[in-house]
Amino acid sequence: MNQKLSEQELIRRQKIEKLQKLGVEVFHETVKFDLNINKIIQKYNSFSKDELAKDEFSLSTTGRIITIRSSFLVLKSQGSKFQIYLPIKELDKKYLELIDLLDIGDIIFVNGKLMKTQTGELTLRANELKLLSKSLKVLPDKFHGLNDIEERYRHRYVDLIVNDDVRKTFLLRSRIISLIRKYFDNLEYLEVDTPVLQPILGGASAKPFITKFNALNSNFYLRIATELPLKKLVVGGFDRVYEIGRIFRNEGVDTTHNPEFTSIEYYEAYSNNEGMMNRTEDLFKFIAKELNLKTIFFNGYEIDLNKPFRRLNMVEALNEKLGIDLYKISFEDAKVLAKKHHIKVESYFKIGHIINELFELFIEKDLIQPTFVYGHPIEISPLANKNKKNPNFTDRAELFIGTKEYANMFTELTDPIDQLERFKDQQNEKDNGNEEANEIDYDFVEALEYGLPPTGGCGIGIDRLVMLFTNNESIREVLLFPHLKNK
């Protein structure tokens, strides 16, 4: 790689040579220190100036230099800032030589005594300094140097150094995932890991990534869902299971979609769609309570998570909106209706597909407050149980908040004969051009033949969930390293 260095970058490399001539180790292997900056502030910030002077608290710490001015440095570590005072007349010559060669971005070790300045700022009066890692790049200015969104994503490590709000987002993401685990662990769910590489495509409607498994001389898919192996575990006697893991869908990128994302799927024996709606609502409210959030501001909307989540039947909502009865519509009339509203009817479409397209066109945009939409057509729900009152529809629901879908749940289909027929229908769709349709998974059908107890299941996209609770409108803002086009 031919790297053209800026003037500042050249100067910093020249400083390395000067430091080495002074016998300074430029890149240390490790160092021991007393307290990190956060702990120092927590422990000593309440002390008065006189208390610190009287007791002479000596300690060492480390951090990245973010400010150099006169006789002061400001260090940053783990999101906190801490001032260092350099008593130039008292410091040993070797430390003065080191100070002259320090730059913003360098990581250093400092030992000294705690004090407070005239303005009351907790400060470490240095008596020893050590360079731990020399920064050869110039950090961008927080307000003017890192405004390009693509550059922020491409150099996320720099983004994290200079933008505190970005750091807070990812700390909160980690906390949300921990809360999800806490919620399900407290309910005695078992966390499991299932294979990322799958020989059969299934568990969701999505285009896959395909890879070659050399040892088996076969093509495998990167999983598009964890549903089928998790339900096999319920067959095997684990009544409550969940998995948090990476999912891969070879599809487009937009503000709410990334080809690689994190999801949680959870399954509970002797539950159903109603039970999953209740469980999912309780999970969202649990997270909000733990984060001390009563309302959420997202995508320009104020979301109230305290109230009971609304329940809305998909077809009944459309019937009211369009003034027709979609329960009784013929396929020919459905195609005419689709054409009227500029919906492309694919070769594999049936009435259920058109109903779903109409829902996405007319209803989704109005689903602001938390709403469970239920009663999905069987054609788009190959793994969900048929509704007893109308077998053309299923006991399935999706949770919408702020016009976005966050969770998909249903009463699981436990009948292996029906499941095989549904898989065959999916395969027929695939043969007729639906790249997102499932393949026939005979191994899963065999698992059902051993007996799957009545089961409810749900999947949630964790990245979207984090977007909701951090008020970020782009999924890239909640992914540490989002996928980007090559420069």
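Any Cβ shown, glycine's included, is placed from N, Cα and C.
Among the features that Swiss-Prot reports, Mg(2+) 1 binding site is placed at GLU398, GLU405. Cβ neighbours of GLU398 (Mg(2+) 1 binding site) (same chain, under 8 Å, six or more residues apart in sequence): PHE372, VAL373, TYR374, HIS376, GLU405, ALA407, ASN408, MET409.
Taking the Cβ of GLU405 (Mg(2+) 1 binding site) as centre and 10 Å as the limit, one finds 17 other Cβ atoms among all the protein chains shown. In the three-state DSSP scheme, GLU405 (Mg(2+) 1 binding site) is classed as strand. Look at Swiss-Prot and you will find GLU405 tagged as Mg(2+) 2 binding site.
In this structure, GLU398 (Mg(2+) 1 binding site) is part of a beta strand by DSSP.
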